[in-house]
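Structure first, commentary second.
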Amino acid sequence: AVDFDKQCVPTADPGPCKGFMPMWWYNIFTSQCEEFIYGGCQGNDNRYRTKEECDKTCAEASATWDVNA
């Protein structure tokens, strides 16, 4: 099961490292997966290698997520 609050709600967090890794994150305000640059360490769980993985995890789960829960 998807932990929507942990995997899809936080904003993109590139972390403190200086790598250059294009990743995807789910933006709850636009209900879209968006690209960002990940530094390679730390960050949060709202980070996906592909848009498809992001969509599958968060876009589908957002349909049943209750903002007031």
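In case you wondered, yes, glycine gets a Cβ from its N, Cα and C as well.
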Query raised in the report: Based on what Swiss-Prot records, which one of Cys17, Cys41, Cys54 is disulphide-bonded to Cys33?
Result: Cys54
Query raised in the report: Pick from Cys17, Cys58: which cysteine does Swiss-Prot list as forming a disulfide with Cys41?
Result: Cys17
Query raised in the report: So, by DSSP, how many helix, strand and coil residues make up the domain 'BPTI/Kunitz inhibitor' (8-58)?
Result: 8 helix, 15 strand, 28 coil
